[in-house]
Structure formats: C-alpha cells, structure tokens
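**Student:** Shown below is the structure under consideration.
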Ligand SMILES: Nc1nc2c(ncn2[C@@H]2O[C@H](COP(=O)(O)OP(=O)(O)OP(=O)(O)O)[C@@H](O)[C@H]2O)c(=O)[nH]1
Ligand SMILES: [Mg+2]
C-alpha cells in the first residue's frame, strides 16, 4: 500500500441501500449521485439487479449499491435470486441505508430489519417525508421505527424533493473508512452502457404499461455498437405469451413506438450522444422460473 499518496482524510466505502419494494431506494440513489443510473417507477419490483452509483467529492468517494426491494410475496426463482442479491450486498457494505416510507411500517419492512447485520452501522432513512400531511406525525413514527433496531442514525428525507440529502450525506461520510478512491472521479456507475440501455427500456415498459405488464417480462440488448459518437442499440423485449406481445406493441404499434422514443431520448441524455434504437418483441415462456433462464438474461 502506498501511504505517501493517500490523503489522510480521504474516505471511500460501500453504502448498501435496502428496504421493501417501492419505498424509493433507486430514486434516493439517483438523487444522491446526481445522475439517473437506476430505473424507477410507481410499481413495486422495478429494480432487479444490484446497481452501483458512484459519487466523488473533494474528500470522499461514496459507492452506493442499490438493491431490489426485498420480496416477501411470490417465491419463484427470480424472487429468490433477487433476495440473494440483497443479502449478499448487506454483508459487503461499510454502511447500510435502511429505507422506509414515512408513515408506513409493516411486515415487509420488519422482514428486512431481521436481515440487518449487527456489526455494520445502519442508518434509518425515512423517505417520502414530503407525503406526510401532518409533519407532527413524523416524529412519533420515527421514534417507533427507531426502537426496532439499534440504528446508528435516523434521517427523514424526501428523495424526490432533495430534502435533507446533504444531512444524510454527512451522516454516511462519518462511517466511511479512510482509504483511496476505488473508481475514477467522473465514474457514476460500474455498469456498462449496454446494461444501462436494457434497463432504460425496461423502465419505459414499466411506466407505459402500468399494471397490465406481466412482471416476468424482461429486456435484452442483442447488439450494442459504437461508431464515433453514435450508439446503435438493438433490443429485444421478452414476454411469456402472444397476448402480452400484442399488449406491448399496442394499437398499430403505437405503444412500442412510445417506448422506443422515450428510451432513445433517455439514452441520448445518459450517454451524451445520438442513439439509433431498434426494439422488437419476442415470446419466450418460463424464463423467470428456471435458473438457466435467469443466468441467460443476466441475473447472477
Ligand atoms: N412523494 C415522493 N415519492 C417518492 C419519493 N421517492 C420516491 N418516490 C416515488 O416512489 C416510487 C418508487 O420509487 P423507486 O425509487 O422506484 O422505489 P424502489 O424502492 O427503488 O422500488 P423497487 O426497486 O421496486 O424496490 C416512484 O413513483 C417514485 O417517484 C419521495 O421522496 N417522495
Ligand atoms: Mg428500485
């Protein structure tokens, strides 16, 4: 180890973000790093992979790890894999953010508390505090949840409105170990553009198909080419049945066109250059229910 070039005060560490589905984990990570690397939607089970979001400031590097919401309802192979991702992430973190939604605490939240390791500092993050109509109810709620575990700190925030995020960053920084940066100062994620492209298309599907979307649909980038500043992205949306295929395509292809346009605009913003995007829909049944299918589509 080269100690002469390490500034004594520089801190760097991994921050796991965990909680039940839909509490705003991905929104929080994106807001903390100031870039959209993790997809978000109103629907539960949006995040399906461990996604790193990196932020480097003068004296610290924050390596956030967004995780899928911990699944308690269905127990197919996909959900077992998602939960394994959560538990693996927990044990390798320096700090954990346990996220709950202001005013709501239930069995699904308690199950995540039961997974929290005792030897790693856990910060209780009460998100969506903008939603609390009566702010006076926030304090008793925070006290009630805080009593359930030995938290290192309690911070109410609103990820959406960026309320109290600097305060949260300060709390996190206290628990980061001293050490050199792991990533470059401009890195925002360790995921490839190809991976991010598939995620962007999946987000548009989640958002534009609402509750009709079968949660076992997925997206695969079959070809990703770079030609100067231009990216050419060829993408397949996998669904389980012909009826679902029709739903994704929509009347005269209108829905698929909307998915495609919105995806392309997001990719151009994130990649900083023009994107040529082609998307088609394929029927492939049963992939979410067997281990080989999961590995083939990128679930570790
Ligand atoms: N009002 C309000 N809504 C929020 C806030 N943070 C997130 N949301 C909304 O909550 C919904 C879920 O957000 P996500 O960030 O996708 O939640 P998640 O915990 O990552 O969900 P999964 O990946 O499915 O586990 C989205 O509609 C967000 O816009 C917040 O601070 N205030
Ligand atoms: Mg998420």
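Keep in mind that glycine also has a Cβ here, set from the backbone N, Cα and C atoms.
Note that TrEMBL annotation is computational and uncurated.
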**Student:** Do you know which of 119-122, 123-126, 127-130 TrEMBL annotates as region 'G4'?
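**Tutor:** Here TrEMBL associates region 'G4' with the stretch 127-130.
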**Student:** If you check TrEMBL, which stretch out of 19-26, 27-34, 35-42 is marked region 'G1'?
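**Tutor:** Matching range for region 'G1': 19-26.
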**Student:** Between 54-57, 58-61, 62-65, 66-69, I'd like to know which one TrEMBL lists as region 'G3'.
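**Tutor:** Result: 66-69 is the stretch TrEMBL calls region 'G3'.
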**Student:** Running a distance check here. Ligand 2 versus the binding-site residues 19, 22, 25, 67, 70, 129: which have CB less than 6 Å from one of its atoms?
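**Tutor:** The binding-site residues passing the 6 Å Cβ test are 25.
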**Student:** Check the DSSP secondary structure of residue 67 (GTP binding site), expressed as helix, strand or coil.
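**Tutor:** DSSP call for residue 67 (GTP binding site): coil, neither helix nor strand.
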**Student:** Could you tell me which of the binding-site residues 22, 25, 67, 70, 129 have their C-beta within a distance under 6 angstroms of some atom of ligand 1?
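**Tutor:** Among 22, 25, 67, 70, 129, near ligand 1: 22, 25.
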**Student:** Just to verify: the residue among 22, 67, 129 with the fewest other Cβ atoms within 10 Å, which of the binding-site residues is it?
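**Tutor:** If we count Cβ atoms within 10 Å for the binding-site residues 22, 67, 129, the smallest count is at 22.
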**Student:** Could you give me three numbers for the region 'G1' (19-26), the DSSP helix, strand and coil residue counts?
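**Tutor:** Within the region 'G1' (19-26) the tally stands at 2 helix, 0 strand, 6 coil.
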